[in-house]
Structure formats: C-alpha cells, structure tokens
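Notes follow the structure.
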C-alpha cells in the first residue's frame with residue numbers, strides 16, 4: 001500500500017505536468033493564430049508585389065505577444081509552403097470554409113507534418129488531426145515521386161541563411177534608462193554596447209535571442225533594427241508637437257516617436273497600434289494615400305514621419321525575401337528583386353508627393 005505522503009507528492013507532480021502541458025498547448029494555439037495573421041499579410045502583399053513591411057517587422061510589432069514562436073512558425077511555414085500546398089492538393093480535403101482560413105491551415109499543417117505533436121485545441125487542429133494519416137501518406141508519395149529519402153531534401157531551396165550581423169534593440173525611454181537595461185542584460189552575461197549614433201539603441205551578438213526576455217515582454221525594450229530606429233531620430237520631434245506617422249505599421253517607429261516626445265503632444269498613426277496601448281496616439285485605420293490631408297485633423301500637424309514602407313525594405317536578406325512564394329515559382333531572382341524595388345520606389349514617390357501636399361503650420 002502506498003504511503004499517503006508519497007501519494008500526495010505523486011498527485012502534485014502529475015498535476016504540475018498537466019498544468020505545464022496545458023500552458024504549452026495554449027501558447028502554441030495562440031502562436032499559430034498570430035503566425036497566420038502575419039503569413040496572410042506577407043502572402044497577399046507578395047502576390048500583389050506591393051511594398052510591404054518585412055517578416056521581421058511584422059512579427060516584432062507590439063501587437064504580437066509570442067514573438068519567438070510566431071517568428072519561427074512564419075519562417076518555417078514559408079519554407080515548407082510549396083510542399084504543404086502540394087499535400088493539400090493531393091488530399092483534396094479543403095472545402096470553402098477551410099480555404100477562407102488558408103493561412104491558419106498552412107501553419108497548423110506545418111506543425112502536424114514537420115513540427116510538433118499538437119493538441120486538438122481548436123477547430124483547424126481537430127480537422128487536420130482527423131486527416132493526419134491521409135496527409136502523411138500524401139507527403140510520403142511526394143517524397144517517393146521526387147526520389148528523395150528525407151523530407152529535408154524537399155526544402156533545400158528555401159534554407160534560411162545564417163545571420164552574422166549584430167542584433168539591435170531599442171530602449172523604451174518612457175519606461176526605463178539605458179543603464180538599467182544594460183545592467184539587467186549583464187546579469188545573464190549578455191554583452192551589449194551603446195550605438196554611436198542613436199543613444200537609445202544597443203547592439204549585441206547576432207545569435208542572442210531576446211524574444212521571451214522580461215524586458216521585451218514588459219515593453220522596456222523593442223527588437224528593432226538600427227535603420228528603423230534612425231527614422232524618428234532624424235525627424236527630431238519636439239515634446240508637445242502634433243506628429244503624423246504616415247506609414248505606421250507595425251508600430252515600432254510610432255512608439256519611438258512617443259518616447260522622443262517624452263509622452264507629450266499627440267501622434268496620429270495611420271494603420272498602427274491599438275489606440276488603447278499609448279494614450280498620446282490617435283489611430284487612423286487606412287491607407288495614408290487615401291487620407292484627405294486638408295481635413296481639420298491635420299491643421300495643427302507640425303511634422304510628418306514618412307518611412308514607406310520600411311527603412312530596411314531594400315535589404316533582401318534582412319527581409320527574408322528568399323522565403324516568399326514569388327521566389328518559389330522559378331522566377332529569376334534578380335528580376336524579382338528589381339521588380340520589387342521598382343514597386344517600392346513608385347510607392348515611395350506617391351507617398352512623398354502626398355505628404356508634401358500637406359500645408360503644415362510651421
């Protein structure tokens with residue numbers, strides 16, 4: 001007969017394991033849906049050849065909570081997307097209902113076929129898990145048809161290059177000082193250095209992952225590239241100004257403006273953050289090019305921050321463009337890049353001319 005104390009300890013340990021498993025399953029459930037949202041934006045803009053924010057900037061948006069898991073899911077799903085689509089075509093399991101949620105299907109199917117064991121916590125998870133044997137059989141047939149022994153051999157063309165450049169973080173000076181951030185990171189032996197151009201930016205080694213760090217989770221620091229961080233600094237807004245952030249998504253530069261203005265004044269953000277996140281930010285959901293800049297709302301605007309669509313948009317490796325579907329259709333890479341740059345330049349010209357049409361008070 002088991003001792004009562006031993007039985008209690010066993011129950012506590014078992015309950016802890018169940019609680020941990022349930023927590024991990026909930027986290028994965030929400031990460032898949034955040035990844036699907038990013039994936040939808042990336043695929044739609046890539047198909048239309050629109051100038052858009054990079055995968056990194058979309059994932060690092062303040063609205064994405066589980067950045068590490070979301071970034072991994074988006075990149076890995078894009079890497080496997082040609083195979084995932086082939087499997088779905090072979091099985092013919094999707095009806096119109098599921099086709100409307102295609103991006104969530106892609107992300108979830110990545111987890112089922114290439115990622116981790118998943119719990120049937122949502123409708124898509126339940127649907128695909130019920131067809132798991134059929135999906136795995138279709139994948140095996142594709143491997144046999146292409147004469148590859150390992151699934152990895154199907155994915156060679158979309159391997160993610162190894163990053164070797166420094167990582168950058170921006171300190172949210174509305175919440176914390178640089179010295180405090182450096183001290184906190186130093187406690188875990190993370191070596192950082194102050195940027196010589198932007199005081200609130202720190203550089204660190206490329207392999208360091210801070211997605212789940214408490215300073216990121218509580219908004220004390222942002223995972224933001226140096227080029228992106230230079231934009232608001234170049235504008236040099238004065239506290240108390242009214243500033244229009246013309247191309248605000250995903251919102252990092254809007255947050256930077258708020259910090260530089262020391263929380264004083266007003267920021268009008270076109271297609272940016274939730275209006276409840278920053279009290280000095282008014283959000284306008286819509287395309288900046290469709291905004292009537294003669295409206296009364298803009299009469300007191302002192303400056304316009306215009307960074308269409310992103311400071312790093314021309315850097316293909318930084319954007320992870322090699323993962324986009326357009327690179328998987330046999331298109332010439334140089335032609336694809338050239339087309340993208342031309343589209344971006346045309347959009348930038350339109351946005352700049354529209355911004356210059358604004359009659360600012362000063």
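The count begins at 1 with the first shown residue.
Note that Cβ sites are derived from N, Cα and C of the backbone, with glycine treated the same way.
Taken from TrEMBL, the feature S-adenosyl-L-methionine binding site applies to 247, 248, 249, 250, 251, 252, 253, 307. Counting only same-chain residues six or more apart in sequence, the Cβ atoms lying under 8 angstroms from the Cβ of residue 307 (S-adenosyl-L-methionine binding site) belong to 228, 231, 247, 253.
TrEMBL lists 157-362 with the feature domain 'SAM-dependent MTase RsmB/NOP-type'. Mean predicted confidence for the domain 'SAM-dependent MTase RsmB/NOP-type' (157-362): the pLDDT average there is 78.
If you look up TrEMBL, you'll see 1-24 marked as region 'Disordered'.
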Notebook entry, point to check: In terms of DSSP three-state secondary structure, what is the assignment for residue 249 (S-adenosyl-L-methionine binding site)?
Noted result: coil
Check: Within 10 Å of the Cβ of residue 251 (S-adenosyl-L-methionine binding site), how many other Cβ atoms can be counted across all chains shown?
Finding: 24
Margin query: Neighbour count, 10 Å Cβ-Cβ cut-off, for residue 253 (S-adenosyl-L-methionine binding site): what number do you get?
Written below: 28
